[in-house]
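As recorded in Swiss-Prot:
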BINDING   232-347  3',5'-cyclic AMP 1 binding site
BINDING   350-466  3',5'-cyclic AMP 2 binding site
COMPBIAS  81-90  compositional bias 'Polar residues'
COMPBIAS  109-118  compositional bias 'Basic and acidic residues'
COMPBIAS  200-218  compositional bias 'Basic and acidic residues'
REGION    25-231  region 'Dimerization and phosphorylation'
REGION    71-90  region 'Disordered'
REGION    109-139  region 'Disordered'
REGION    154-179  region 'Disordered'
REGION    193-218  region 'Disordered'
Amino acid sequence: MATYQTELDLFKNEVEQKQPNDFLQFAANYFTKRLEQQRTFVRNQESLALSKGIVLFPSTSKHDSVAASSASLSHGSSKANASQSGISSSGVDEDVLFKSPFVDRGPHSTHIVDHLDSTHSNTTASPAKASGGDAPGIFKGNFNVGTESQRKVNSSVDPMAPEPTATTHSFPRRSVVNPKPLPINFNAQRRTSVSGETLQPDHLDDWKPENFQEKSPEQVSRLEKAVGKNFLFNKLDSDSKKLVINSLEEKSIPQGKEIIKQGDEGDYFYIVEDGTVEFYVNNQKVNTSGPGSSFGELALMYNSPRAATVIASTDCILWALDRLTFRRILLGGSFKKRILYDDLLKNIPILKSLSTYDRAKLADALDTEYYEAGQTIIKEGDTGENFYFIEYGEADVSQEGKGVITKLGKGDYFGEVALLNDLPRQATVTATARTKVATLGKSGFQRLLGPVVDVLKLNDPTRSKH
C-alpha cells in the first residue's frame with residue numbers, strides 16, 4: 001500500500017485541485033472515502049484468497065465458540081467432582097497445552113496439570129454460564145491477562161512444576177489419555193505441517209533481504225539462466241527477478257558432504273554454480289546434476305519434507321535462497337502488481353462491468369512486455385495467442401495495402417479479434433515509442449473476461465464481415 005508520504009502527496013494534490021472552502025470537512029470526507037476504498041479492496045482480497053483456500057483473517061465461528069464453552073463446562077464439572085470426592089488433582093488426566101503465545105504460560109514446556117479448586121469449578125459451571133450468558137469470546141482465552149501477568153517476564157520457571165491456578169476465563173483444553181511427556185523444546189522453533197508463513201504485503205515497501213548483495217554482471221547472467229529454467233521464477237517481473245538473484249547466498253560445499261537429507265524439512269532452494277551433486281531416494285542413487293541445475297524448489301512453496309537426499313560428489317559452489325525471502329519477494333511483487341493493474345483496468349471503458357474481485361483475478365493473470373520504437377508487437381497473418389492492454393507508450397495499427405489505419409495509446413487494447421473469432425491477426429501493431437503492454441493469454445481471455453466478451457464482440461471491427 002502507499003506510504004504515508006504518498007497519501008499526503010495525493011491529498012495535497014486533491015486540495016490544490018478542489019480548493020475547498022471548509023478544509024477540515026473536506027479532509028474528513030477525503031480520508032473517509034480513502035479508508036472505505038482500502039477496506040473494500042482488502043475484503044475483496046480476502047474473498048479471492050478464500051476462493052483459493054487461503055484464510056487471510058482467521059476467526060472463531062459460532063459453532064467453535066459453543067463447542068469451546070461446552071468443553072469448558074465439562075472440564076470444570078469433572079474437576080469439581082474430583083475435588084468433592086477427595087481425589088487429588090494429580091490423579092486426573094493431564095492436559096496438553098497448545099495455546100496462543102499471548103497467554104501467561106508458554107505452550108512448549110511440558111504437559112501441565114490444570115489445578116482448579118472447587119470454587120472456580122462451581123463458578124465456571126454456574127447457571128449463567130450454562131445458559132450461554134457471558135460465554136468466552138474469541139479473544140477472551142487467547143489474549144487473557146490475569147493476575148499471573150504481574151510476574152516478571154524473565155523470571156525462571158521450572159518446566160516440571162505444577163501450573164498455577166488458572167483464571168475463570170482460561171482457554172479450554174483437550175484431554176489426552178495417558179499422555180507421553182514432550183521434550184522441553186518440542187516444536188518451539190519449527191513447524192511440522194506443510195504450511196507457509198503469514199506475511200503482510202503492505203509492510204514490504206522498504207524491506208530488503210538480509211542476504212542482499214549485488215552480484216557481478218557475469219554472475220547475474222549465469223544466475224538468470226539458471227533461475228529462468230525454473231517454473232517458480234518464470235512469471236516474476238524483472239525487478240523481482242533481480243531481487244531474487246541479489247538475495248542468493250553463496251555456499252561452498254566440500255566433496256562428500258550431505259547438502260539436504262530425505263525427510264528433513266525444507267528451508268532452502270539451491271542453484272549449482274560449480275561442481276556436481278548426486279540425488280538419492282531411499283539410499284538408491286537416482287540422478288546427477290551439474291552447473292546451472294537447481295533443486296529444492298518445493299522448499300520455497302511449502303515447509304515440506306525433502307523428497308531426496310543430495311550429496312556433493314565433488315567440491316561445489318552453490319547459491320541458496322531461503323523460503324521466507326522468496327515469499328516476501330513474490331508477495332510484495334504480486335501485491336504491487338495488483339495495485340498497479342487495478343488502477344489501469346478500472347480506467348479502461350470496456351472493463352467497467354468487472355467487479356473489483358474480477359479485476360483482481362485479471363490483474364493476477366496479466367504479464368508485462370516491453371517494446372522499443374519500431375518493434376512489431378503483433379503481425380498481420382500470424383496466429384493470435386494474446387490480448388493486449390497498453391500501459392504506456394504509442395503504437396500504429398496498419399494493414400497491408402492500406403498503411404496506418406489508426407493509432408493507439410495508454411489504455412487502448414488490441415488483439416481481441418483473433419481470439420474472439422479464432423482468426424489470424426487482422427492487422428500489424430508497431431510501437432512508435434517505448435511501449436509497455438499487459439498481455440493476457442488465450443485461456444485467461446476466455447476464462448476471466450466473460451462479462452466483457454459481449455462488449456468486445458459489439459466493438460469488433462470485422463463484425464460486419466461475418
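Using the three backbone atoms N, Cα and C, a Cβ is placed for every residue, glycine included.
Taking the features listed in Swiss-Prot, we show where each one sits on the structure.
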residue : record                          : DSSP (3 states)
Leu232  : 3',5'-cyclic AMP 1 binding site : helix
Ser247  : 3',5'-cyclic AMP 1 binding site : helix
Val277  : 3',5'-cyclic AMP 1 binding site : strand
Gly292  : 3',5'-cyclic AMP 1 binding site : coil
Ile350  : 3',5'-cyclic AMP 2 binding site : helix
Ala365  : 3',5'-cyclic AMP 2 binding site : helix
Glu380  : 3',5'-cyclic AMP 2 binding site : coil
Lys410  : 3',5'-cyclic AMP 2 binding site : coil
Arg425  : 3',5'-cyclic AMP 2 binding site : coil
Leu440  : 3',5'-cyclic AMP 2 binding site : strand
(request) Indicate the candidate from Asp322, Glu380 with the smallest number of other Cβ atoms within 10 Å of its Cβ, considering only these binding-site residues. (result) Glu380
(request) Determine, using Cα-Cα distances only, which of these binding-site residues is closest to Leu232 (3',5'-cyclic AMP 1 binding site): Ile350, Ala365, Glu380, Ala395, Lys410. (result) Ala365
(request) To the nearest whole angstrom, state the Cα distance for the pair Gly292 (3',5'-cyclic AMP 1 binding site) and Glu380 (3',5'-cyclic AMP 2 binding site). (result) 38
(request) Check the binding-site residues Lys410, Arg425 for other C-beta atoms within 10 angstroms of each C-beta and report the one with the most. (result) Arg425
(message) Please report the three-state DSSP label of Asp322 (3',5'-cyclic AMP 1 binding site).
(response) strand
(request) Could you round the CA separation between Asp322 (3',5'-cyclic AMP 1 binding site) and Ala365 (3',5'-cyclic AMP 2 binding site) to a whole angstrom and send it over? (result) 26
(request) In whole Å, note down how far the CA of Ala365 (3',5'-cyclic AMP 2 binding site) lies from the CA of Ser247 (3',5'-cyclic AMP 1 binding site). (result) 26
(message) Taking the Cβ of each of the binding-site residues and counting other Cβ atoms inside 10 Å, which one has the highest number: Val277, Ala307, Ile350, Ala395, Leu440?
(response) Ala395
(request) Work out how many Å separate Leu440 (3',5'-cyclic AMP 2 binding site) and Val277 (3',5'-cyclic AMP 1 binding site) at their Cα atoms, rounded off. (result) 39
(message) Helix, strand or coil for Ala395 (3',5'-cyclic AMP 2 binding site)? Use DSSP.
(response) strand
(request) Determine the Cβ neighbour count for Gln262 (3',5'-cyclic AMP 1 binding site): the number of other Cβ atoms within 10 Å of its Cβ. (result) 16
(message) I need the CA-to-CA distance for Val277 (3',5'-cyclic AMP 1 binding site) versus Ile350 (3',5'-cyclic AMP 2 binding site), whole Å please.
(response) 53
(request) Give the residue from the binding-site residues Leu232, Ser247, Gly292, Ala365 that has the most other Cβ atoms within 10 Å of its Cβ, counting over every protein chain displayed. (result) Ser247
